[in-house]
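Student: Once you've had a glance at the structure underneath, I'll fire off some questions.
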Amino acid sequence: MDAEDQSGHGAAMRTSRRHRLRPLPILAALLALLVGVGWALSSPLSPSPDDTLPLGYHWVRPLLIGPDAELAAVLIRILNTLLGVVLIASLHTLAPRDEQRAVLLVPLIAWTPMGLYLIASDNPTSWAVVGLYAYNAGMYLATRAQGRRRVGLLVTGALGALMCMAARDDVALFLLLVGIALLLAVRWTRGVWPELLITVAFGVLGLLEMLSFGGTETMPGAAPDGTEGGVLHRLLIGIMTIPKYIGGFWGVHWGPGRGDVSLDPRSPYVLVMLAVGALILLALRSGTWRTWLSTLVLIGTGALLPVVLYAGGVFEPLEAFEARYVLPLLAPALLMLLIVDKDEPVSLSRPQAIWTGACVITAHVIAQQVVLMHYVKGDPQWSGDLPISPMMLLFITSCAFAVLTAVVLVNVTRPARDGRTAREGMVSVLT
């Protein structure tokens, strides 16, 4: 009887924990939405030109364009933010328990600050960044899930792929690259044939869309005829510029705005890169060839694509190809590094979590302050008719981001519930 009572009591505690955990994804989603709205209002409320938008994004955007340009800009940015929040929340809710931590941690460190700005903008790159991550995570996690969760992850991944194809024509190539990474990362069996078919199908569709792409004359920053230097010279210059492009993922040289905001004077990206470097060292503790090759396909392409395009004379100067164009590959690469063939789920100690949180939160505050001050200075009508001051917007967004970061990091530092060690069996404040 005592054993039965203890068993029943344990089951009741587990049920209670599950019920108490339910508000956490909702809280994180609401905070993320608030942060996105804060970034959406941090730049001028005027839609960017849409003459080069692809068919999908071009079809959705005019639905929100009306006589009030400022209202249209706000609606577009909030819609893009909402799409990102819904997809990430869906991935976290449906993911197997061991992978839920990485699903939230990766966007936090990969998208601060540049990803946050782009997702909450009216730039089609918003769909590319969110969509490619949803596709990569959804397809991989579906191979590790069962039942309704598996179906939900497949649907989420497919929606992400469709967003990529609708975002930018050149992003369709990334679907093929993610497909190759998935083929390397997953141990394919008969039980996961739906994931294989979907991955191959979207890879082929991405390749076909890329092949039908209307040439480099429609690409941003396309080089004029008669580029200087030989192929070898341009190749060497491109290789030496790879560190600059990697830093550009977080704002080095290519900052937020429409090419008119530089983060270099304050350099908040240094803090995020310190946290990312520490996390990469943590991820390198375990893994297999599947881990390394799937990650290398994604991050290697992101680093080498500008080199190849510059060496081939597609872009002149090299910096005309902005780092944001390959930013969508960053989060999928980090996710593969953290979850493929790992001995245990990603977990941070308390000092590691505090360090990561301090770096990310500080970088976020500085980056948004730089963007706000760039547009506010000398322009009292920075936000149109919005009844809020720039500093109040910065304060609200920063507080929301700080709480969101705390929620994500506490979730990552809490003990894993697989019962393998005493530490993993402890009950944290959130469980």
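Glycine is treated like the rest: Cβ placed from N, Cα and C.
The feature transmembrane segment is assigned by TrEMBL to 21-41, 71-95, 102-120, 126-143, 171-190, 196-214, 235-255, 267-284, 291-311, 323-341, 353-376, 388-410.
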Student: Apart from its near flanks, which chain residues at least 6 from the ends of the transmembrane segment (126-143) lie with a Cβ under 8 angstroms of it?
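Tutor: Cβ under 8 Å, 6 or more out: 57, 80, 83-84, 87-88, 90-91, 94-96, 99, 103, 106-107, 111, 115, 118-120, 150, 153-164, 166-168, 171, 174-175, 178, 181-182, 185-186, 192, 194-195, 198-199, 202, 327-329, 331-332, 335-336, 339-340.
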Student: Where else in the chain does the transmembrane segment (353-376) make close Cβ contacts, counting only residues six or more beyond its ends and a cut-off under 8 Å?
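Tutor: Residues 38-39, 42-44, 108-109, 112-113, 116-117, 250-251, 255-257, 260-261, 263, 265-266, 268-272, 274-275, 278-279, 382, 390, 393-394, 397-398, 401-402, 405-406, 409-410, 412-413.
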Student: Counting only pairs 6 or more apart in sequence, are there at least 3 Cβ pairs under 8 Å between the transmembrane segment (323-341) and the transmembrane segment (71-95)?
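Tutor: The answer is no, given that the two segments have fewer than 3 Cβ pairs within the 8 Å cut-off.
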Student: Give the one range among 171-190, 196-214, 291-311, 388-410 whose Cβ atoms make the most pairs under 8 Å with those of the transmembrane segment (235-255).
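Tutor: Stretch with maximum Cβ contacts: 291-311.
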Student: Quick check: do the transmembrane segment (196-214) and the transmembrane segment (171-190) share at least 3 Cβ pairs under 8 Å, counting only pairs 6+ apart in sequence?
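Tutor: Yes, the transmembrane segment (196-214) and the transmembrane segment (171-190) are in contact.
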Student: Counting Cβ pairs under 8 Å that sit 6 or more residues apart, are there three or more between the transmembrane segment (388-410) and the transmembrane segment (171-190)?
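Tutor: Result for the transmembrane segment (388-410) with the transmembrane segment (171-190) is no.
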Student: Is it the case that the transmembrane segment (171-190) and the transmembrane segment (291-311) touch, counting contact as three or more CB pairs under 8 Å in which the residues of each pair are 6 or more positions apart?
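Tutor: Per Cβ check, the transmembrane segment (171-190) touches the transmembrane segment (291-311).
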